[in-house]
Amino acid sequence: MTAPQLLVLFGSQTGTAQDVAERLGREARRRRLGCRVQALDSYAVANLIREPLVVFVCATTGQGDPPDNMKNFWRFIFRKNLPSTSLCQMDFAVLGLGDSSYARFNFVAKKLHRRLLQLGASALLPICLGDDQHELGPDAIIDPWLGDLWEKVLELYPVPIDLPVIPHGVPLPSKFTLQFLLEAPNPSSKESCLAISDSLGPPSESQPFLAPMVTNQRVTGPSHFQDVRLIEFDITDSGISFAAGDVVLIQPSNSAAHTQQFCHVLGLDPSQCFVLQPREPDVPCPPGLPQPCSVWQLVSQYLDIASVPRRSFFELLACLSPHELEREKLLELSSAQGQEDLCEYCSRPRRTILEVLCDFPHTAGAIPPDYLLDLIPQIRPRAFSIASSLLVHPKKLQILVAVVQYRTRLKEPRRGLCSSWLASLDPEKGPVQVPLWVRPGGLAFPETPDTPVIMVGPGTGVAPFRAAVQERVAQGQTGNFLFFGCRWRDQDFYWGDEWQELEKRGCLTLVTAFSREQGRKVYVQHRLRELGPLVWELLDRRGAYFYLAGNAKYMPTDVTEALMSIFQEEGGLSHPNAATYLARLQRTLRFQTETWA
């Protein structure tokens, strides 16, 4: 039987699922199997009925949500009118990526697996549930599962015996070639790889708006442990429109110092220009890179050299290394047996790609430029809740940014790429432009003027609720209840004066939890329990909507438990009936969350 082309479809939020999908593609090519790897929303889903062999790789985000780049596919595949024999010709496998510390662990992968079976597809093997919480990371589950997958695939579709497997030590051809130019192009074409050409639609990832930064103000006290910024952008003539609950995506850049260091370690001339050429005709060039492009642009604005490298990075680096000792160590770190060492070297201390390359200088200096885009992932945009309303701040867009910085055993502190980059920009020293675009968020607010809203937003989670309160007050909507929590009233009470002024005007009911101002720590879930009768009255008798935004680790579970307690104590519901009541609120969008790791 002629081997069909394997299709690998991925839904990825942070890049991990995409990395696993691309690993599948590489392993298929080493086994001489034809393979396509695509994001789920870039695939024409109607063609799925003709696909004989598909592997789905999907992450679970937030509270059991699909990643952004598979939401259209998700809506389609769960249409109720799809026949139960739609996919009867398909053999499939599902590989999920999740975190078992969350209640809906790998929810998306599990639900997709069930749905594909409902539509008549045949599972090649049981679902794979990769777990970030495993001491060796998700690969501890994925590695043996992939071994079973290839055994099953090659049993069904054997490869001709005269086509041997390409061994792991031999690099596969690069996806692109960099054709360097002898003469630099016109300087005006190199000013920014994100320069905007005339576009009919609103700004997007492929065509962001270069927004002038107006202000960049620290809003935490000088003695507070965290630097939090209120940043405002001018979006005049951008075509950008948004409502409360929407998010802005920002495309960050590497620092000039890191860009220069990378070029030095790899022996690259940052001013040299090249044209990117795909090796295969059906492979598109990466969006956002100009043609021609300079090495400086590629490194500073595209290659994520500040990210923590994944195992695939070490696999390819080992293939490219001419240095025996370095190659031996790289092979060890990329092997299944070396995952504890890799975790200790890279994942736990959050060592970056740039730092790893500095640790392997002979290998770094020998990397062919053609492999840069195979070796290093693209810088991904970061999403921020919009913290302002166009009704109050026309032609402006504001965000609240916690600057990420922490220490590990490494000498240099770890810094979040986007938040640190934004914090470094100072519009008072000269014009600053930031590439951004807007998309709908996970929160939608009721339009009826008399529907109350309960908003729980500790810390920077309060950002989307500032936009909502501004919008609702401007439209004359009442019944705004805000539960806000932070450490200290005088250090991190974001927009405290603004909330108190609205409270005086009767436009807002504000409930605060300052966790460190008394002997016993008090959080928003404690305030909810204290005001249980009010919360039950609003939800059960006045049809209120309940919103929750903030860190995804513990707070959503704590707040949900507080609500369950209120339903039982104030509503007289049994535990099963309280769970049913909560599920109904979620199903009717009267309980919505926007959380992040």
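Glycine residues also receive a Cβ, built from the backbone N, Cα and C atoms like all the rest.
Copied from TrEMBL, the annotated features are:
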- 6-150: domain 'Flavodoxin-like' (DOMAIN)
- 12-17, 59-62, 97-106, ASP132: FMN binding site (BINDING)
- 206-447: domain 'FAD-binding FR-type' (DOMAIN)
- ARG350, ARG382, ALA383, PHE384, SER385, GLY416, LEU417, CYS418, SER419, TRP596: FAD binding site (BINDING)
- THR460, SER515, ARG516, LYS521, VAL522, TYR523, VAL524, GLN525, ASP558: NADP(+) binding site (BINDING)
Site with most surrounding Cβ atoms, counting all protein chains shown within 10 Å, from the binding-site residues ALA383, LEU417, VAL522: LEU417
Cα separation, ARG516 (NADP(+) binding site) to PHE105 (FMN binding site) (Å, whole number): 32
Binding-site residues listed as TYR102, PHE105, least Cβ neighbours within 10 Å: PHE105
Site diameter for FAD, Å, by largest Cα distance between ARG350, ARG382, ALA383, PHE384, SER385, GLY416, LEU417, CYS418, SER419, TRP596: 26
Local Cβ density at VAL524 (NADP(+) binding site) - other Cβ atoms counted within 10 Å: 26
ASP99 (FMN binding site), number of other Cβ atoms within 10 Å: 19
Residue from SER12, ASP99, TYR102 whose C-alpha is spatially nearest that of ALA383 (FAD binding site), among the binding-site residues: SER12
Of SER12, GLY15, ALA59, ASP99, THR460, VAL522, i.e. the binding-site residues, those within 10 Å of SER385 (FAD binding site) when Cα atoms are compared: THR460
Set of same-chain residues at least 6 away whose C-beta sits under 8 angstroms from ARG350 (FAD binding site): VAL308, THR408, LEU410, ARG414
Binding-site residues (SER12, SER385, SER419, THR460), the one with most neighbouring Cβ atoms at 10 Å: SER385
Least surrounded among the binding-site residues, given as GLY15, ALA59, ARG516, ASP558, when other CB atoms within 10 Å are counted: ARG516
Integer Cα-Cα distance in angstrom, ASP558 (NADP(+) binding site) to LEU417 (FAD binding site): 30
SER12 (FMN binding site) versus ARG516 (NADP(+) binding site) - Cα distance in angstrom: 38
Residue from GLY15, ALA59, ASP99, VAL522, VAL524 whose C-alpha is spatially nearest that of LEU417 (FAD binding site), among the binding-site residues: GLY15
Between GLY15 (FMN binding site) and SER419 (FAD binding site), the C-alpha gap once rounded to whole angstrom: 18
